[in-house]
Amino acid sequence: MNAPLCGIWLWLPLLLTWLTPEVSSSWWYMRATSGSSRVMCDNVPGLVSRQRQLCHRHPDVMRAIGLGVAEWTAECQHQFRQHRWNCNTLDRDHSLFGRVLLRSSRESAFVYAISSAGVVFAITRACSQGELKSCSCDPKKKGTAKDSKGTFDWGGCSDNIDYGIKFARAFVDAKERKGKDARALMNLHNNRAGRKAVKRFLKQECKCHGVSGSCTLRTCWLAMADFRKTGSYLWRKYNGAIQVVMNQDGTGFTVANKRFKKPTKNDLVYFENSPDYCIRDREAGSLGTAGRVCNLTSRGMDSCEVMCCGRGYDTSRVTRMTKCECKFHWCCAVRCQDCLEALDVHTCKAPKNADWTTPT
C-alpha cells in the first residue's frame with residue numbers, strides 16, 4: 001500500500017468519530033415534562049444511567065433545572081434575536097433545537113455553554129431560596145474577612161455557587177463522559193466554559209451599619225449577577241469562538257488555523273463552519289429567514305440586506321397603541337394618553353422556489 005493511502009487509513013477512524021453527529025443533551029426536554037419526579041425521570045428520553053440516578057435521588061433539583069430551561073432558552077433567544085438563526089426551539093423535539101445542533105458549529109458551542117450555565121444558575125438560586133434539601137447558603141462564608149475597604153462580617157445568604165457547579169458538572173456532563181468522540185470533547189469544553197461564566201460574575205454585596213448610615217460595621221455576602229450578564233458574556237465568546245481540530249491521539253484540540261491562539265478554558269470551541277441559515281433546510285435544521293422581521297435602517301445582522309440574504313423584503317403598514325402626550329402632575333405622577341401609531345414592518349421574502357413562508 002502506498003504512503004498516501006496509508007495516511008488515509010490511519011486518519012479514517014478519527015475522521016469517522018469526528019463526523020459522527022449526536023445531540024446528546026436530551027435533559028433539555030425536562031422543560032416540557034410535567035408530573036411526579038418518577039414520571040419525569042423515566043420519561044425524559046436519552047438520559048444515561050447516571051443522570052437518571054441523580055434525577056431519582058434529587059427530584060427537587062430536577063424541578064429547578066426544568067424551570068431553568070425556560071430561562072436559558074429565553075436568554076439564548078435574546079442574544080440571537082437579530083441573527084438569522086434565532087435560537088428557535090421545537091416543542092415536540094426531545095433535543096429542543098432539532099437537527100441544527102447536529103453540526104459542531106458555533107451555535108452548538110453557544111447552546112451547550114448557555115445551557116450548562118443555566119443549570120448552575122438555577123440550582124444555585126434554588127439553594128439560596130431554601131427550595132432544595134441538599135444545599136442552602138454557602139456554608140464557607142462565615143466569620144470575619146477583609147477586602148480593599150477593610151474588615152467586614154460575612155452575613156446574609158451567600159449564593160452557594162460551588163454546589164451549583166458541582167451538581168451541574170455531575171448531571172450535565174454525565175452523557176458526554178461516556179463518549180470518546182470529538183463532539184463529546186467539544187461539548188465538555190463548552191459546558192465547562194458556561195459554568196465558569198456564571199462564577200465570573202459572582203459579586204460581593206455589602207450593607208453598612210452605624211449611626212446615620214456610617215459604615216462602622218459592614219455585613220457582606222456573595223451574590224450571582226443577573227443571568228443577562230452571563231448571556232452577554234457568552235455571546236461575546238460566541239463571536240470570538242475558536243475553530244479547532246482533534247489531536248492525532250484523539251485526546252484534545254489544536255487550533256485549525258495556526259495564526260490563532262490556543263483556546264483557554266473560558267473560550268468556546270467548534271469544529272464545523274455554520275450554514276448561512278438563509279433557506280429552509282431540514283437536513284441542516286435551518287428554518288430559513290422567510291417571514292422574519294428585518295430593520296430597514298440597520299447595517300447590522302438584523303438589516304434587511306443581511307437578514308433576508310439579498311432576497312428582498314415585503315412591507316406592511318400596521319398600527320399599535322403607544323403612550324403619548326405625557327405630562328408630569330405634582331406630586332408625583334406622569335399621566336399619558338393612549339394613541340394609535342402607524343408604522344411600516346418589513347419582513348423577508350421567501351426564496352422564489354420555496355413552498356414555506358411561515359415566520360420563524
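Indices start at 1 and increase along the chain as displayed.
Cβ coordinates are placed from backbone N, Cα and C, and glycine is handled just like the others.
Listed features, source Swiss-Prot:
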- C76-C87: disulfide bond (DISULFID)
- C127-C135: disulfide bond (DISULFID)
- C137-C157: disulfide bond (DISULFID)
- C206-C220: disulfide bond (DISULFID)
- C208-C215: disulfide bond (DISULFID)
- C278-C309: disulfide bond (DISULFID)
- C294-C304: disulfide bond (DISULFID)
- C308-C348: disulfide bond (DISULFID)
- C324-C339: disulfide bond (DISULFID)
- C326-C336: disulfide bond (DISULFID)
- C331-C332: disulfide bond (DISULFID)
- N295: N-linked glycosylation site (CARBOHYD)
- S212: O-palmitoleoyl serine (LIPID)
- 1-25: signal peptide (SIGNAL)
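Across the structure, C87 (disulfide bond) and C135 (disulfide bond) are spaced 32 Å apart at their Cα atoms.
Within the set of disulfide-bonded residues (C127, C220), the lowest number of other Cβ atoms found within 10 Å of a Cβ is recorded at C220. Take the disulfide-bonded residues C76, C324: by the count of other Cβ atoms within 10 Å of each Cβ, the lowest one is C324.
Reduced to three states, the DSSP call for C220 (disulfide bond) is strand. Counting only same-chain residues six or more apart in sequence, the Cβ atoms lying under 8 angstroms from the Cβ of C308 (disulfide bond) belong to T289, R292, C294, C348, K349. Note on proximity: of the disulfide-bonded residues C135, C137, C220, C309, the one nearest C76 (disulfide bond) is C309, by Cα distance. Proximity to C278 (disulfide bond), judged by a C-alpha distance within 10 Å, picks out none of the disulfide-bonded residues C135, C206, C331. Looking only at Cα atoms, C331 (disulfide bond) sits nearest to C215 among the recorded positions C137, C215, N295, C304, C309. Inclusion criterion for the disulfide-bonded residues C137, C326, C339: a C-alpha placed within 10 angstroms of the C-alpha of C127 (disulfide bond); this criterion is met by C137. Between the listed disulfide-bonded residues, namely C215, C278, C294, the fewest other CB atoms within 10 angstroms of a CB are found at C215.
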